[in-house]
Amino acid sequence: MKRISLTQHLIEQQRLHNKIPSELRLLIEVVGRACKSISHAVGKGALGEVLGSAGSENVQGEVQKKLDVISNEILLEANEWGGHLAAMASEEMETIHRIPNRYPKGEYLLMFDPLDGSSNIDVNVSIGTIFSVLKAPEGMTEPTEQDFMQPGTRQVAAGYAVYGPQTVLVLTTGDGVHCFTLDREMGAWVLTQKDIKIPEDTKEFAINASNQRHWFPPVKRYVDEMLAGSTGVRGKDFNMRWIASMVADVHRILNRGGIFMYPADAREPNKPGKLRLMYEANPMAFIVEQAGGAATDGTRRILDIQPEKLHQRVAVFLGSKNEVDLVTSYHQQ
């Protein structure tokens, strides 16, 4: 198989679809380089003294791991100076990060979850980085949080990296989903999967079943029907998989089908969900839809949601289309 690098792939996609201008290509390449650096830091583990808590909390009130902080800094520093961005926003930061005046400004906005699944860091389970790219509004001079308040349909690129047995980068620019594997010897992203498609039907689901007693009736009904197996109304047996790392769970679903669920529940009935719309749900929904799947919050298509605040949370149901459609229909009854 001919080896195609990330750069070559992006250039060829631009020639085919005319959707990846040079500034966007360069931005994606910079994010890719930052993910290589994060992969290197993750790979050192205890030898690099990067495990354990940083002794601080992020804007969500969550205790930060050392690698959360390191990964956030890597992404900020890598993307500040290139001239492709007007501003960045991170799950780990309270407000947006404007590009310093000493650097040229670009026309894109970058959002990221620098290290998703960080509760798994110390036990050596796959974790990852999620990112989303928006076009800055026309006529914008000094970026504000309001400039980021764009629905997911406005994303021009989205992707994630998984730091597991192999380090992979999954990317969409609106023309399918492609996967690159990091060649550690060459230090290069190499195209290893083109036009990934999620099977419409599945026998696997991912949900944190320890919260079952808190679920609302539509989720309870849906999961109970799957657990009833071949003797129940679904007429087939299902397996449950739960890694507690969204990138790892979604990557499995992308490759062999399944449904990922992180619903709202009765513990905080006034909160619409746990996952962040801008940093997690939107980029993953873009990727999943581009792979032929579906993504909703139980009632609405995630990509249609109009954000109201930077750290807005949503419920998430995504993956194989027929399963997402079914659980969504239960919420709408």
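Backbone N, Cα and C atoms are what each Cβ position is placed from, and that goes for glycine too.
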(request) Check Swiss-Prot for me: it has Asp116, Gly117, Ser118, Ser119, Lys274 binding substrate, so pick out which one of Asn18, Asn208 it puts in that same site. (result) Asn208
(request) Name the one residue among Glu268, Glu280, Glu289 that Swiss-Prot lists for the same Mg(2+) 2 site as Asp113, Asp116. (result) Glu280
(request) Pick the one from Glu91, Glu92, Glu94, Glu107 that Swiss-Prot also lists for the Mg(2+) 1 site with Asp113, Leu115. (result) Glu91
(message) Please give the maximum pairwise Cα distance, in Å and rounded to a whole number, for the substrate-binding set Asp116, Gly117, Ser118, Ser119, Asn208, Lys274.
(response) 16
(request) Starting from the Mg(2+) 2 site formed by Asp113, Asp116, Glu280, give every other residue of that chain whose CB sits within 8 Å of the mean position of their CB atoms, in sequence order. (result) Glu91, Phe112, Gly117, Gly128, Thr129, Ile130, Tyr160, Met246, Val247, Leu275, Arg276, Tyr279
(request) Indicate the candidate from Lys274, Glu280 with the smallest number of other Cβ atoms within 10 Å of its Cβ, considering only these binding-site residues. (result) Lys274
(message) Around Glu280 (Mg(2+) 2 binding site), which of the listed binding-site residues (Glu91, Asp113, Leu115, Gly117, Ser118, Ser119) come within 10 Å, judging by Cα atoms?
(response) Glu91, Asp113
(request) List the Cα distance (Å, whole number) between Asn208 (substrate binding site) and Glu91 (Mg(2+) 1 binding site). (result) 22
(request) Measuring Cα to Cα, tell me the gap between Asp113 (Mg(2+) 1 binding site) and Ser119 (substrate binding site) in whole angstrom. (result) 14
